[in-house]
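A.B. asks: Dropping a structure here in structure tokens format, bear with me for questions.
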Amino acid sequence: MADQLSEEQISEFKEAFSLFDKDGDGTITTKELGTVMRSLGQNPSQAELEDMINEVDADGNGTIDFPEFLTMMARKMRDTDSEEEIKEAFKVFDKDGNGYISAAELRHVMTNLGEKLTDSEVDEMIREADVDGDGQINYEEFVKMMLSK
């Protein structure tokens, strides 16, 4: 399954994996998964976290290693994001609920994820998604960006 991913996707997923793998030991634990999900405004129970890990934990050791993470991401991409998941993700970024993601909101979420971005990196991310050029990302632009990934 993971062999259907491009080099670029694999390197993006490596970056995402390292955001989750807080202690850098090459595995994601329920604790690390919980930390990232809470920083995204979710509040999973211990049982939910264990279920999420067990879903992709091929070798049954209670953690997710990078190959298991790739399999999970490949599966998720195949099931392409449902409208509902995209709406939820948009809400995570759109802190003030005004229907737009500003540079400040984007920076805030990325910082919570442990990604320290420069202003120019944030501006670049906004520019890439900002079809109408108003300096923010609206829902339609967000959907387009999510589906083009």
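Placement of Cβ uses the backbone N, Cα and C atoms for every residue, glycine included.
For reference, Swiss-Prot lists these features for the protein:
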type: BINDING; residues: Asp21, Asp23, Asp25, Thr27, Glu32; note: Ca(2+) 1 binding site
type: BINDING; residues: Asp57, Asp59, Asn61, Thr63, Glu68; note: Ca(2+) 2 binding site
type: BINDING; residues: Asp94, Asp96, Asn98, Tyr100, Glu105; note: Ca(2+) 3 binding site
type: BINDING; residues: Asp130, Asp132, Asp134, Gln136, Glu141; note: Ca(2+) 4 binding site
type: CROSSLNK; residues: Lys22; note: ubiquitin cross-link
type: DOMAIN; residues: 8-43; note: domain 'EF-hand 1'
type: DOMAIN; residues: 81-116; note: domain 'EF-hand 3'
type: DOMAIN; residues: 117-149; note: domain 'EF-hand 4'
type: SITE; residues: Lys116; note: site 'Not N6-methylated'
A.B. asks: Report, in whole Å, the straight Cα-to-Cα distance of Asp21 (Ca(2+) 1 binding site) from Asp94 (Ca(2+) 3 binding site).
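C.D. replies: It is 26 Å, counting Cα to Cα.
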A.B. asks: Mean pLDDT across the domain 'EF-hand 1' (8-43), rounded to an integer, is what?
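C.D. replies: Looking only at the domain 'EF-hand 1' (8-43), pLDDT averages out to 87.
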A.B. asks: Using all protein chains shown, find which of the binding-site residues Asp25, Glu141 scores highest when you count other CB atoms within 10 A of its CB.
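C.D. replies: Output for this query is Glu141.
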A.B. asks: Which sequence-distant residues neighbour the domain 'EF-hand 4' (117-149)? Criterion: at least 6 residues beyond either end, Cβ under 8 Å.
C.D. replies: 77, 80-81, 86, 89-90, 93, 99-103, 106-107, 110-111
A.B. asks: Identify all same-chain residues not among Asp130, Asp132, Asp134, Gln136, Glu141 whose C-beta atom falls within 8 angstroms of the centroid of the Ca(2+) 4 site's C-beta atoms; report them in sequence order.
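C.D. replies: Here the nearby residues are Tyr100, Ile126, Ala129, Val131, Gly133, Gly135, Ile137, Asn138.
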A.B. asks: When DSSP states are grouped into helix, strand and coil, how many residues of the domain 'EF-hand 1' (8-43) land in each?
C.D. replies: 23 helix, 2 strand, 11 coil
A.B. asks: How big is the gap, in Å, between the Cα of Asn98 (Ca(2+) 3 binding site) and that of Glu32 (Ca(2+) 1 binding site), rounded to a whole number?
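C.D. replies: Checking the Cα atoms of Asn98 (Ca(2+) 3 binding site) and Glu32 (Ca(2+) 1 binding site) gives a distance of 31 Å.
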A.B. asks: Using only C-alpha positions, which one of Lys22, Asp59, Thr63 is spatially nearest Asp130 (Ca(2+) 4 binding site)? These are the recorded positions in the record.
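C.D. replies: For Asp130 (Ca(2+) 4 binding site), the closest Cα among Lys22, Asp59, Thr63 is found at Lys22.
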A.B. asks: Summarise the domain 'EF-hand 4' (117-149) by DSSP state, stating how many residues are helix, strand and coil.
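C.D. replies: Counts, helix then strand then coil: 21 helix, 2 strand, 10 coil.
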A.B. asks: For a quick check of understanding: among the binding-site residues Asn61, Asn98, Gln136, which residue's Cβ has the most other Cβ atoms within 10 Å?
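C.D. replies: When each Cβ's neighbours within 10 Å are tallied, Gln136 tops the list.
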A.B. asks: Out of the recorded positions Asn61, Thr63, Lys116, Asp134, Glu141, give me the one sitting nearest to Glu32 (Ca(2+) 1 binding site) by CA distance.
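C.D. replies: The answer is Thr63.
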A.B. asks: Compared by Cα position, which of the recorded positions Asp59, Glu105, Lys116 is the closest one to Gln136 (Ca(2+) 4 binding site)?
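C.D. replies: Comparing Cα positions, the closest of these recorded positions turns out to be Glu105.
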A.B. asks: Starting from the Cβ centroid of Asp21, Asp23, Asp25, Thr27, Glu32, the recorded Ca(2+) 1 site, name every other residue in that chain with its Cβ within 8 Å, sequence order please.
C.D. replies: Phe20, Lys22, Gly24, Gly26, Ile28, Thr29, Thr63
